[in-house]
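Take a look at the structure below.
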Amino acid sequence: MSSNKINTDNIEFIGDNHIATNISTPLRTDAFKKSDDEKIANIQIHFQKIMEELGLDITDDSLSGTPYRVAKMYVKELFYGLNPKNKPKLSTFDNKYGYKKILIEQNITLDSSCEHHFLPITGFAHVAYIPEDRVIGLSKLNRLVDYYAHRPQVQERLCLQILTDLQDTLKTKSVIVMVNAKHLCVSSRGIKDKNSFTTSLEHGGLFEEKTYRDEFLNAINYDLR
Ligand SMILES: [Zn+2]
């Protein structure tokens, strides 16, 4: 009993402190051996058990389809970004016009989920880079944010995953990623703070210099006090 108590305290500690253990999403080695349809069928069974355990009458017309809806939503929508086969194709092009200044894609709508509570994280991402030899279509930045957001996430890791992927894709370290997001696990449970939101910022290359960071922050009109 006492060891069980210590265990649940530790579980709450990790959740309340939003501790991520790794930049990579922790995945099982057999994560994608089953098809999406198999996963939906299995999750449907498990979610029905959760509902029954809560005391809900699953034969009610309003509830009977919920396990399937939740299972399909998990696999095909909220967590589609777990599967690398769903990653957007990020074609890059030669920087023919020699653009060497900052390029910003801002106010990218962000819908994610907290991996500690499976509750929504909603907000915006702002992404910028200073090209060297390669450039990318603008909407690809939005698509990449969407892809990494659609996994069980920790905000800091989301920021880092977007950053490192873009650095690899664009063959430059000069990338900056900011995420401003509200976490339902902070606003609807626990401390229940409806107004606070979380800002995370990751950068490399020229953005290590304050002048470039300030250029980015000024352009997105963000006051980092
Ligand atoms: Zn949470």
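Even glycines carry a Cβ here, placed using N, Cα and C.
The domain 'GTP cyclohydrolase I' annotation in TrEMBL covers 45-220. The feature Zn(2+) binding site is assigned by TrEMBL to CYS114, HIS117, CYS185.
The secondary structure of CYS114 (Zn(2+) binding site), as reduced to three states from DSSP, is extended strand.
Regional average pLDDT for the domain 'GTP cyclohydrolase I' (45-220) in the model is 96. The number of other Cβ atoms within 10 Å of the Cβ belonging to CYS185 (Zn(2+) binding site), over all protein chains shown, comes to 19. DSSP assigns CYS185 (Zn(2+) binding site) to a helix in the three-state reduction. Sequence-ordered, the extra residues of this chain that approach the Zn(2+) site, with Cβ no more than 8 Å from the Cβ center of CYS114, HIS117, CYS185, are GLY15, SER113, GLU115, HIS116, PHE118, LEU119, ILE121, HIS183, LEU184, VAL186, ARG189.
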